[in-house]
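Peer 1: This is the structure I have questions about; it appears just below.
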Amino acid sequence: MATKAAFARMNGLGNQIIVADMRGRADSITSAAAIRLASDSETAFDQIMAIHDPRTPGTDYYIAIINCDGTQAQACGNGTRCVVQALAAETGRHAFTFETRAGILTATEHDDGLISVDMGTPRFDWQDIPLAQAVADTRKIELQVGPADAPVLHSPSIASMGNPHAVFWVDKDVWSYELDKFGPLLENHPIFPERANISIAHVTSSDTIDLRTWERGAGLTRACGSAACAAAVSAARTGRTGRKVTVNVPGGPLLIEWRDDDHVMMTGPAEWEFSGTFDPATGEWSRDTQGLQGSGNADRGTA
């Protein structure tokens, strides 16, 4: 019988995260276990960040990312910050190199407790996102919600931050739109063969963006780090902002910088809530005070 694994329930600006310690184990977290944890109000999460032993020389750990519907994700910026805080508290280190399905990334915890993650380089070619058909310019593609002569949302910018994103630009409060209604339809639109994260963005100044996101495989979220990065680079790419912006998500602000070397840096907080142990096969769990330690609802709910 497999031993239980330690976990920490955390959040990154309200994005609910479970950081699971799978180091030194040959097993993985099953979809059934993830779905069971997601269905429990105490352990409900947007993503599980499962820390495994490294697979590639030069990296510290491999991070498997699991959505609340049991599917695998390529990237999760808020979850990565939670992993860094948990590991920094455990090891005393403040800089880490991780491997994920999206590639290798680095992250650093600063003296003020904020954590910066190098989210890598954005991709804009339609094949890399991917889209189901050729698109000459992903700064603005033909996709809309509502009547042809009066669409509610239209002409999103498309980008990949290791996972596909569509950013719809609006000129009024992002809360004016029924993202809970449009999100699942757009996530599963045929143009996105791997589904997509769907965001509504309002540029309020040359260095500020308000953002709400329907997260692929998770639904409405109070924060999505990769979506904030996708919105920031898309805003700069379309001339709406400069390359360093504050992205205000429902959970709070993220600082995003699209550096001259093409890498996107995301800086924000992480928060530890409680720890416990769980069975990676079944999802049965219990709360305790041991294990990984760091220092719910829809996107408008409390963190």
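Counting starts with 1 at the first residue shown.
Keep in mind that glycine also has a Cβ here, set from the backbone N, Cα and C atoms.
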Peer 1: So Swiss-Prot lists GLN47, ASN67, GLY77, ASN78, ASN163, ASN197, GLU215, ARG216, GLY225, SER226 for substrate; which of ASN11, ASN15 goes with them?
Peer 2: ASN15
Peer 1: When you average the Cβ positions of ASN15, GLN47, ASN67, GLY77, ASN78, ASN163, ASN197, GLU215, ARG216, GLY225, SER226 for the substrate site, which other residues in that chain have a Cβ within 8 Å of that mean position?
Peer 2: ASP46, ALA73, ALA75, CYS76, GLY79, THR213, ALA218, THR221, CYS224, ALA227
Peer 1: With a 10 Å radius around each C-beta, find which of these active-site residues (CYS76, CYS224) has the fewest other C-beta atoms nearby.
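Peer 2: So among CYS76, CYS224, the active-site residues given, the one with the fewest Cβ atoms within 10 Å is CYS76.
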Peer 1: Residues with Cβ closer than 8 Å to the Cβ of ARG216 (substrate binding site), same chain and 6+ apart in sequence?
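Peer 2: Listed in sequence order: ASN67, ALA73, ASN163, PRO164, GLU187, ARG195, ALA196, ASN197, ILE198.
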Peer 1: DSSP on ARG216 (substrate binding site), three-state: which is it?
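Peer 2: In three-state terms, ARG216 (substrate binding site) counts as coil.
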Peer 1: Helix, strand or coil for ASN78 (substrate binding site)? Use DSSP.
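Peer 2: ASN78 (substrate binding site) sits in a helix per DSSP.
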